[in-house]
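Asker: One structure follows; several queries about it will come next.
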Amino acid sequence: MGSDLDVGMKCVKYMLFITNFMFVMIGFLLISIGTTITVIYSDFELFIADHYFSPSALLVAVGILIFFVSLFGCVGAIRGSTCLVNLYGIFLILLLILEVSAAIAAYAMRGSVERYIKAAMNDTLQHYLSSEYIQDAWDGLQCRLRCCGIIDHMDWMDLVDSPFNDTVSPASCFNSVGERFEPGCFQQLVYTVSESALLVGTAAICVAIVQALGIIFAFML
């Protein structure tokens with residue numbers, strides 16, 4: 001009976017070690033996803049509120065914490081220390097709360113992204129001719145997302161003293177062979193931000209589910 005129990009504990013220990021190795025890889029993945037999305041958002045920061053950066057930044061923080069907590073769990077599993085492993089389990093629960101928070105924030109922000117981006121675009125477009133910073137931001141947006149105007153290129157005609165018309169648009173509205181980008185930037189940017197938020201939320205939930213296994217194994221040891 002005692003032998004069977006020892007075998008069972010060894011199995012749990014090895015499963016915990018394997019799970020921790022997975023968490024190390026997941027930690028790197030979360031850091032990569034969070035960093036990539038933060039960089040994407042920073043390219044369009046003029047049109048995106050600061051709080052939209054929070055879920056991706058939180059994802060990076062969780063990834064870093066998971067990496068170190070997993071190493072802590074590996075040490076506890078190798079040594080067979082119940083105290084270390086239980087402490088590791090508590091850390092995982094705290095990380096689980098952070099991940100769920102990141103997921104909720106990311107999903108919640110998807111609901112307000114259209115309203116904020118539309119307002120930011122309407123406001124900044126009117127200052128395109130008077131602000132070099134805004135001009136660079138709009139040109140970068142149109143080149144990066146291959147779009148023109150808010151809804152379409154006709155938006156450029158609404159500027160005060162606009163030099164643009166149905167055939168003349170900012171140079172950033174055209175590709176290298178002189179063809180104008182047809183999509184408006186509003187829908188393109190909303191799609192980019194919404195999909196990024198969805199990726200953050202989904203990644204956080206998936207990691208939380210896998211992490212629940214680590215918590216179970218930690219308290220079984």
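Just so it is clear, glycine is given a Cβ too, placed from its N, Cα and C backbone atoms.
Heads up, TrEMBL stuff is auto-annotated, nobody curated it.
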Asker: Disulfide partner of Cys185 per TrEMBL: which of Cys74, Cys83, Cys143, Cys147?
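Answerer: In TrEMBL, Cys185 forms its recorded disulfide with Cys147.
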Asker: In TrEMBL, Cys148 is listed as disulfide-bonded to which of the following: Cys143, Cys173?
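Answerer: Within the candidate set Cys143, Cys173, TrEMBL assigns the bond with Cys148 to Cys173.
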Asker: When each of 21-41, 85-108, 197-220 is checked against the transmembrane segment (53-78) for Cβ pairs under 8 Å, which one has the most?
Answerer: 21-41
Asker: In terms of Cβ proximity under 8 Å, which residues at least six beyond the ends of the transmembrane segment (197-220) contact it?
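Answerer: Contacts with the transmembrane segment (197-220): 12, 15-16, 19-20, 22-23, 26, 29-30, 33-34, 37, 52, 55-56, 59, 62, 66, 73, 85-86, 88-89, 92-93, 95-96, 99-100, 102-104, 106-107, 109-110, 113.
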Asker: Rounded to the nearest angstrom, how far is the Cα of Cys173 (disulfide bond) from the Cα of Cys147 (disulfide bond)?
Answerer: 6
